[in-house]
Every structure is written in C-alpha cells, then in structure tokens.
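The structure under discussion appears below in the form of structure tokens.
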C-alpha cells in the first residue's frame with residue numbers, strides 16, 4: 001500500500017462506492033430514492049477523489065467537503081461521513097497540523113449547520129456520529145503524525161551518521177596517504193641521493209674520458225638534484241599543512257628482510273605465526289617501496305589477528321614473488337573469539353622497526369601503532385603500486401587478507 005498509495009486509496013473509494021450502492025438498492029422500498037442521475041454523480045464525487053488524497057492532500061479534501069455536503073443533504077448513504085473523516089485524517093497527516101486544524105474547524109461548522117437545517121428533530125442523534133468520527137480521526141492522525149515525525153528524525157540521524165562515517169573514512173584515507181607519502185619520501189629520497197652521489201663520483205673518475213661522457217654524467221647529477229628538490233616540494237604540498245611533525249628521527253624503513261623479526265615479536269605477544277617467504281633465488285631485490293608495502297600489510301594483518309582472532313588462534317603468512325608481482329597472504333584460523341592481547345607491533349611512526357613495546361590486556365593500541373584504519377591503510381598501500389587487496393572471512397573459518405603488488409608498475 002505504501003509503495004502504491006493510489007492503488008490502496010482506490011480500494012477504499014471502491015468499497016465506499018459499493019456500500020452506497022447497496023444502501024441505495026436496499027432502501028428503495030422504504031422511501032422514494034433520488035433520481036439516479038443525481039444519486040450516481042453525487043456518490044462518485046464523494047468516493048472517486050479519495051484515490052488521489054495522498055497525492056493532493058489539500059485540494060482533494062476541500063473538493064470532498066463540497067461533495068459530501070451535497071451528498072449528505074440528499075441522504076444518499078454513509079459514504080459522505082466516512083469520506084469526511086478520511087479527508088480530516090489526510091489533511092492532518094499529510095498537510096500538517098495547522099492546515100488540519102483549519103480544515104477540521106470548517107468541516108465541523110459545515111456539519112453542524114447542515115444538521116441544524118436538515119435534522120433539527122434528531123439533532124443530538126445526527127451530530128453524535130460526526131463528532132465521534134472526527135474525534136477518532138483526529139486522535140489517529142496525531143498518533144500517525146507523531147510516528148512519521150519520529151521516523152523522519154530517525155532517518156535524518158541515520159543520514160547524518162552515514163555522512164559522518166563517510167567523512168571519517170575520507171579523513172582516514174587522507175591521513176593514510178600522508179603516512180605513505182612520508183615513508184615513500186624516505187625511500188625515494190635515499191635512492192635519489194645515492195644516484196647523485198654515484199654520478200658525482202663518476203664525473204671525477206672519468207676525467208681521462210671524452211668531455212661528452214663527463215657532460216652526460218654531470219647532467220645526471222644535476223637532474224637527480226632537481227628531481228630530489230621537486231620531490232620534496234611535491235610531498236610538502238601533499239602533506240597536511242596543519243599536521244604537526246611527530247618529532248621522531250627519520251630512520252631506514254623496514255622491508256621484507258624484517259618479516260622474520262616481525263613474526264618473532266608476534267609470537268612473543270601470544271599468537272603463533274607460520275612464516276613462508278619465497279622471493280626467488282638469484283632474483284634482484286624488491287623495489288624498496290614494494291618491500292615496505294609488503295611489510296606494512298603483513299604488520300597490520302597480524303595486528304588485527306592479535307586483536308580479533310582470540311586466544312588459541314594461529315596465523316600463517318605467505319609471501320611469494322612471481323615474475324611480475326608479489327603476492328601476500330595472511331590468514332588466521334579464528335580459533336578463539338575472546339579479546340586478544342594488545343598489539344606489540346610498532347607502527348609506521350615508531351622510532352625503530354625493532355623495538356617492541358609493552359602492551360596491555362585491554363586491547364587498546366599502544367603509542368606509535370597505526371590504529372582504527374587498518375584496512376583503509378592496506379588498500380591505500382596496494383593502490384599506490386597499482387595492486388589489489390581483498391579481506392574477508394576465510395573458507396575454513398577465521399579471516400584472511402590477500403594482496404598483490406605488481407613489480408613492473410613499481411619499477
């Protein structure tokens with residue numbers, strides 16, 4: 001009915017029309033009925049507009065008031081009383097209390113005047129049904145209106161909560177991108193600095209060589225310096241200008257070579273971890289940014305396992321290198337669901353990747369541990385390298401995270 005209000009209101013109009021026709025037929029022998037070409041249009045005028053009462057909640061009730069006045073004066077049936085009551089309810093619920101009060105007062109005045117003129121001998125008996133019907137519709141409309149107002153307020157609150165949640169997610173993404181930018185700044189700045197140093201050294205070592213080679217190497221040095229300067233300027237723009245520096249010294253960022261140490265710290269925190277790392281024999285080292293991304297994804301996944309997998313759970317970490325990508329899979333069996341120990345893993349802003357911090361049994365994050373936006377951070381890290389990350393329940397129970405970081409794009 002709510003999805004198709006015209007259909008539901010048409011049923012009401014049809015029932016009232018049928019009721020009037022039955023009364024018209026059954027009372028034919030008791031008193032001379034009005035002419036059919038008067039009775040039928042009058043009855044249709046009272047019932048048909050009800051089908052559009054919710055679409056036009058002010059116009060239709062006033063049209064019904066005129067039609068019901070004529071219909072009641074001819075004593076054609078009870079549909080005028082029902083239609084009037086429905087009209088009062090419609091205006092109160094769909095047009096507001098102010099419009100409803102005006103319409104109710106006008107309806108009562110017309111009804112009383114009509115009763116005094118036509119039914120003076122049975123005044124009280126004639127007024128009683130109208131008073132009862134109008135009072136009932138008023139109370140019902142107040143109840144329905146209050147409920148609609150409550151539902152509207154509830155929907156507004158839900159919309160506000162969704163807006164705040166989306167805003168919080170956008171803020172979290174921005175913060176995570178800033179964190180990733182700072183980490184990649186250290187990685188890229190180190191690489192470019194090495195390039196500049198090597199180029200400077202080469203320019204001195206090849207003096208016996210032709211001048212063209214020396215100029216080319218000097219160009220490399222100048223280009224590297226310019227690239228480093230532009231990179232720093234760009235990352236300064238990307239950073240939040242209102243963000244305060246954390247005051248921690250810049251240190252080399254961890255990579256895949258630190259995964260063994262990470263697994264040991266997680267085991268010490270109470271979560272057994274099986275680590276499998278296969279980066280290929282004789283393969284060149286992973287790009288520093290990809291290596292850092294792998295470490296952070298494993299770190300955050302194990303942090304979540306410590307917090308949510310529960311006591312008695314076990315975790316597995318698998319890192320495999322393919323010719324064109326690195327895949328990371330971290331899964332836990334979810335054996336326990338009691339609150340886990342607080343993570344002992346240092347976050348991206350920790351002073352050193354090695355120093356484990358003491359945790360508490362409350363599950364609260366320790367200073368320096370990235371918190372609250374783990375999945376957002378992992379997805380952002382994967383997106384930086386054009387990769388993908390999925391997280392969800394594992395087929396055999398527990399939780400799993402799987403990430404793929406392309407190598408060609410990263411290099």
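A Cβ is built for glycine as well, from the same backbone N, Cα and C atoms used for every other residue.
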**Item:** Range annotated as region 'Disordered' - as stated in TrEMBL, picked from 309-328, 329-348, 349-368
**Value:** 349-368
**Item:** Of the residue ranges 102-119, 156-173, the one that TrEMBL records as transmembrane segment
**Value:** 102-119
**Item:** TrEMBL annotation (transmembrane segment) - matching range among 125-144, 185-204
**Value:** 125-144
**Message:** Just to be sure I understand, if DSSP states are collapsed into helix, strand and coil, how many residues of the domain 'DUF7134' (1-148) fall in each?
**Reply:** 118 helix, 0 strand, 30 coil
